[in-house]
Structures are given as C-alpha cells and as structure tokens.
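Written out below as structure tokens is the structure these notes cover.
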Amino acid sequence: MVTITGINFKNPTMLASGIMGTTGASLLRIAECGAGGVVTKSIGPEPKAGHPNPSMIKLECGFLNAMGLPNPSYNEFDNEIKLARSGTDVPVIASIFGGNAEDFVKVAEGLADSEPAAFELNVSCPHAEGYGATIGTDTCMVESITAAVCDAVDVPVWVKLTPNVTDIKAIGKAAQDGGADAVVAINTLRGMAIDINSGYPILGNRFGGLSGSAVKPVAIKCVYDLYEALAIPVIGVGGVSTWEDAVEMMMAGASGVQIGSAVHESVDIFSDIASGIELFLQDKGYSAVEDIIGLSHKVI
Ligand code: DHB
C-alpha cells in the first residue's frame, strides 16, 4: 500500500490520463486488472470533437498522438465517474482542462458531485491551442489556476506538468505555490512525423506529443529535479513499461507511477509491475515502497 496526498493506493501503479479513460466501463476494467488508481481522459467545459485523423501513430520508439482533447464535457462525464466508482474501491482521479481559471473551476465543480478521489489539472497537453501547455508554460497561470481549483474543491489537487519548458522546476514551484497537493510529471514531448512519399506531416494536427519508451529518460530527469525542488509529492509518468522502469522512477523520486502507452501491450501490466516491485522490495530487504522513493538522492 502507498498513501499519496492522503489517498490510499493498494499499489503504486496508476492508469495515466488519456488511455482507456473515456468511459466508466473502461476505467473499471483497468481497475479490475490491478491498477492502484485510475485517471480519466481529460474533461473540459464544453463538448470537443478533437483533431482530425490520423490522431495517433505508432513509431519504433513509442507513439505520437494529437487527439485534441476530444471529450463530451463535464456535464456528460460525471455519470462515467460515478459508474467507475460504484464498481471499485480503486481511487478514480478526474483529469480536467480549461482555457482559464474560470473554466477549470466550472469543470471541477461540475464533477464534484461524482466524488473523484482527486483532480489532476491538465496544463500540459502539447498541441491544443489555448489549453494545456499554453497555460502550463506560464508560471503565473499555473499558480492562479491551481489556487482557484484548490479553493473550489475539497479533494487533493494534482497538477500534470509539461516537459516542453526550459525549467520544469519553476512550473512545479508555481503549482506548489498555488496549493497543489502533488505534481505529475511528465506529459508528452512535442514531436512530429512526415511521410516521405508525399511530404505531408502524418498527424491530422501536423504535430503531436511523443510517449512511450523514448521519453523515459526525460521523465526520470524531470522527476529527479522536481523531487529535489519541491516539498509536495511527485507522481512519475513517461515511458514506464516494466517493473524495473517503475522502480527507477520511484528511486528518482516518484511516490507513484502512472502507465499509459505500455497499456497497448497488455492490460495486465499493472498487476505485473505491482508484483515485480513487491518482489524487488523483498529481494533487497526493503520494508516498504517508501524505502525506495527518492533513493537516488540519498546515495553518494
Ligand atoms: C491530449 C493529449 C495530451 O497529452 C493530454 O495531456 C491531454 C489530451 C489529447 O490530444 O487529447
């Protein structure tokens, strides 16, 4: 068990936002597959169709996606959270987005009735103009939006950060100053692929966000830096596909580890990684996961 921002998780793995999180049934399926927690697809103030297809492509080193925040809005999504919650004790975290503090508060208040365990603020989607990283690269906006949501809700507020900045620590500090209970690092890295036969950018949006194994070393460094700079917990995400990756992320400073792209391989990944961590702890004589969180900062 691990407690993060006052929420108990049976193991440190969580479903990352954006994958299998668009319905209550799919969230429930992942919960039943052994995830310690599940995070919804990002939900906004108005229904949004998203970017034109192709919106996701597989590369050798991971995935490029530019979904464009498709979602039915908070009005249509609260029932999905209720459905997921009614079938499981696994904490359900609501990922939300907006273009300003007012939007974020509207969505958080609109979903409060479905009682998510926490809100994860998406200020990091790299390809939706006016949303996501447009906000998450500005320390003032991150601080004020975080403060507004923290004021409006009575559950923990996590802030998901973009790596597409010069100094992620400054953005993490802004979230912390706004009252965030935790930061989540990292969202996808901006990227692009071009079809050499036609010269066309492949994604409908022309560019998108890179996820998967390729981004893991970037995520490890961001988590490492944030752990050192902040007093609040860091939740790690980015390229984790094995229990060894999860242990590495925790040693960098992650209190929990979210998994996204690797769900493509198998939904059993959560129980596989959770039991791999457990066996590693036993083998090495650690008494709890807390023993390895931030360990790489303590060795000389
Ligand atoms: C989308 C992509 C992201 O990286 C994210 O954080 C949220 C949404 C998307 O394209 O829908």
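Heads up, the Cβ atoms here are built off N, Cα and C, so glycines get one too.
Unlike curated records, TrEMBL annotations are generated automatically.
Mean pLDDT, taken over the domain 'Dihydroorotate dehydrogenase catalytic' (2-280), works out to 97 on the 0 to 100 scale. The annotation domain 'Dihydroorotate dehydrogenase catalytic' is assigned in TrEMBL to 2-280.
The DSSP secondary structure for Ser17 (FMN binding site) is coil. Residues annotated as FMN binding site in TrEMBL: Ser17, Lys41, Ser42, Asn122, Lys160, Ile186, Gly212, Gly238, Gly239, Gly260, Ser261.
All protein chains included, Ala66 (substrate binding site) registers 30 other Cβ atoms within 10 Å of its own Cβ. In this structure, Ala66 (substrate binding site) belongs to neither helix nor strand by DSSP; it is coil. Feature annotation from TrEMBL assigns substrate binding site to Lys41, Asn65, Ala66, Met67, Gly68, Leu69, Asn122, Asn187, Thr188.
Residues near Cys125 (active site, nucleophile) in space but far in sequence (CB under 8 A, at least 6 apart, same chain), listed by position: Ser42, Leu69, Phe97, Tyr131, Gly132, Ala133, Asn187, Thr188, Gly209. Feature annotation from TrEMBL assigns active site, nucleophile to Cys125.
Between the two most distant C-alpha atoms of the annotated substrate binders (Lys41, Asn65, Ala66, Met67, Gly68, Leu69, Asn122, Asn187, Thr188) there are 16 Å. Within 8 Å of the centroid defined by the CB atoms of Lys41, Asn65, Ala66, Met67, Gly68, Leu69, Asn122, Asn187, Thr188, the record's substrate site, lie the Cβ atoms of Gly18, Ser42, Cys125, Pro126, His127, Ala128, Gly132, Gly208, Gly209, excluding the listed residues themselves. Across the residues annotated as binding FMN (Ser17, Lys41, Ser42, Asn122, Lys160, Ile186, Gly212, Gly238, Gly239, Gly260, Ser261), the two Cα atoms farthest apart lie 19 Å from each other. Taking all protein chains in view, 22 other C-beta atoms sit within 10 angstroms of the C-beta of Gly212 (FMN binding site). Distance from the CA of Ser17 (FMN binding site) to the CA of Gly68 (substrate binding site) is 13 Å.
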